Amino acid sequence: MKPTRPFHQTPVITIDGPTASGKGTVAALVAAHLGFHLLDSGALYRLAALASVRYDVAPDAADELAKLVGDLHITFREGLAQLDGVDVSTEIRAEAVGNRASAIAVHAPVRAALVARQRAFRKEPGLVADGRDMGTVIFPDAALKVFLTASVEARAARRYKQLIQKGFSANMDDLLRDLRERDERDSMRAAAPLKPAADAKLLDTSALTIDQAVEQVVQWYRALQPRA
Ligand code: DC
């Protein structure tokens, strides 16, 4: 009989990077390619942000927010995110929700309240986790850590396209300003700042297609496997 691996050895690939670096799309495609589970940790922060608006908790009330996050009733099913049993997948993609997510994510108690929920996604046969601190804090023992980067202009152009496709209105100058502000806040915060893990592989996607980025990550992962 094939021995089952201990839980902590379930392979994880972490894909971290700034807003609109393409990590969400790349992570989803890598997961599909390998048949792995997917954790979109940004969606958790966005759900928490949406809940804070719904339940009227101020973005600077760290402890109250952490309590709210601990009590959140959220589910992910077939790519849909639900809050209190209602599908909010589209709503959480709005820029305003992303900005609020970034604002509440600065609080250490809020981050701590989300750790166990994130680690619970680690299941056989493996997990691809995308976010800001997947490789540094949540899965420090990941098999492969990737840090995606792209110029702020390339990222703004992608975000613009994404928002228009989803039926939101968008303005390029506002997007560039928001991205710069969000990068600054995500990178400068004391709690789990956005930065590559020491053992992360850097991948600049400015001039790559999504398929090329996916191929590179899968190739890196395959290179780690012992040859049969
Ligand atoms: O990846 P995203 O744009 O959906 O994330 C929204 C915000 O949530 C992001 O600006 C910062 C925060 N976030 C975080 O602090 N840590 C994560 N692992 C994921 C997201």
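Every residue, even glycine, has its Cβ placed from backbone N, Cα and C.
Annotated ATP binding site per TrEMBL: Gly17, Pro18, Thr19, Ala20, Ser21, Gly22, Lys23, Gly24, Thr25, in sequence order. Per TrEMBL, the feature domain 'Cytidylate kinase' maps to 13-221.
Taking a Cβ cut-off of under 6 Å from any atom of ligand 1, the binding-site residues Gly17, Thr19, Ser21, Lys23, Thr25 reduce to Thr19. Listed in sequence order, Leu148, Thr149, Ala150, Arg155, Thr205 are the same-chain residues six or more apart from Ser21 (ATP binding site) with CB atoms under 8 A from its CB. Looking only at the domain 'Cytidylate kinase' (13-221), the predicted model's pLDDT averages out at 94. In sequence order, Val26, Asp130, Leu148, Ala150, Arg155, Arg158, Thr205 are the same-chain residues whose CB sits within 8 A of the CB centroid of Gly17, Pro18, Thr19, Ala20, Ser21, Gly22, Lys23, Gly24, Thr25, the residues recorded for ATP being left out. The binding-site residues in question are Gly17, Thr19, Lys23, Thr25, and the one with the fewest Cβ neighbours inside 10 Å is Thr25.
DSSP assigns Thr19 (ATP binding site) to coil in the three-state reduction, placing it in neither a helix nor a strand.
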